[in-house]
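Reviewing the structure listed below.
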Amino acid sequence: MGEKSENCGVPEDLLNGLKVTDTQEAECAGPPVPDPKNQHSQSKLLRDDEAHLQEDQGEEECFHDCSASFEEEPGADKVENKSNEDVNSSELDEEYLIELEKNMSDEEKQKRREESTRLKEEGNEQFKKGDYIEAESSYSRALEMCPSCFQKERSILFSNRAAARMKQDKKEMAINDCSKAIQLNPSYIRAILRRAELYEKTDKLDEALEDYKSILEKDPSIHQAREACMRLPKQIEERNERLKEEMLGKLKDLGNLVLRPFGLSTENFQIKQDSSTGSYSINFVQNPNNNR
């Protein structure tokens, strides 16, 4: 892991506020905004995982102490003057940000980085208080301010905004943010874990399983990922069987509609499955009622 700043006391305290699951977020944030839906199973799993992720967390949620002062530079007002409503209603135009940075000096980029850090910490405080809409807005403004060359910082901001959006039940937007965070930092375990949970909540079980497998490849000690890799294959199989039955039912209804003018129905066709191969065969029966 990279170097950790000793002066990152406040962001270090915020780690639990930005945990992947609601239980440990509640432990950090205190009484406000409990979420009983996810408390029943996640706390034990993540207590086992916390020790293994501790080093990763310190680096991911804190990117250096910075000066709070920020002098306005040319072109910055184009980003800063956007309303909070615009920030939250539309996604960032990455190409625009890259174009904006082309003529920036290193000093200007560093100032924008420092301002994005201030906005990130502001969002962290809002998240801890349960002000998730405000936190999302702060992370969005931080993303607009943070130069694209600081990929690690931007990956953290995307992951943090995903957490704020999760709290508002904006699951698809949160998945999109997690994907952007992972694209910028493929080893970002927390973002992968967060996306895996979101995939489960949106019934995208195959995608969730792939993310959990990816986590185990990076760190086999993550208990939540191990448990999911044992649990999800059976759930996926059961879902596929259910979908197959629904599909066959619809095909039967369609078949009856087509065969009815000929005095036939799907009862005239018996479907048998070969237990050894799993394949199906169809046999025509002239008088199906006589075979019962």
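From the backbone N, Cα and C atoms, a Cβ is placed for every residue, glycine too.
If you look up Swiss-Prot, you'll see 45-55 (among others) marked as compositional bias 'Basic and acidic residues'.
The compositional bias 'Basic and acidic residues' annotation in Swiss-Prot covers 75-85 (among others).
What Swiss-Prot records for 99-125 (among others) is compositional bias 'Basic and acidic residues'.
What Swiss-Prot lists as phosphoserine is Ser83 (among others), and the listing cites a large-scale study or a structure entry.
Marked as phosphoserine by Swiss-Prot on the basis of a large-scale study or a structure entry: Ser90 (among others).
The annotation region 'Disordered' is assigned in Swiss-Prot to 23-125.
With helix defined as DSSP H, G or I and strand as E or B, the repeat 'TPR 1' (116-149) counts 27 helix, 0 strand, 7 coil. Residues or ranges marked as repeat 'TPR 1' by Swiss-Prot: 116-149.
The annotation repeat 'TPR 2' is assigned in Swiss-Prot to 155-188. Summarised as a single figure, the pLDDT of the repeat 'TPR 2' (155-188) averages 96.
Residues or ranges marked as repeat 'TPR 3' in Swiss-Prot: 189-222.
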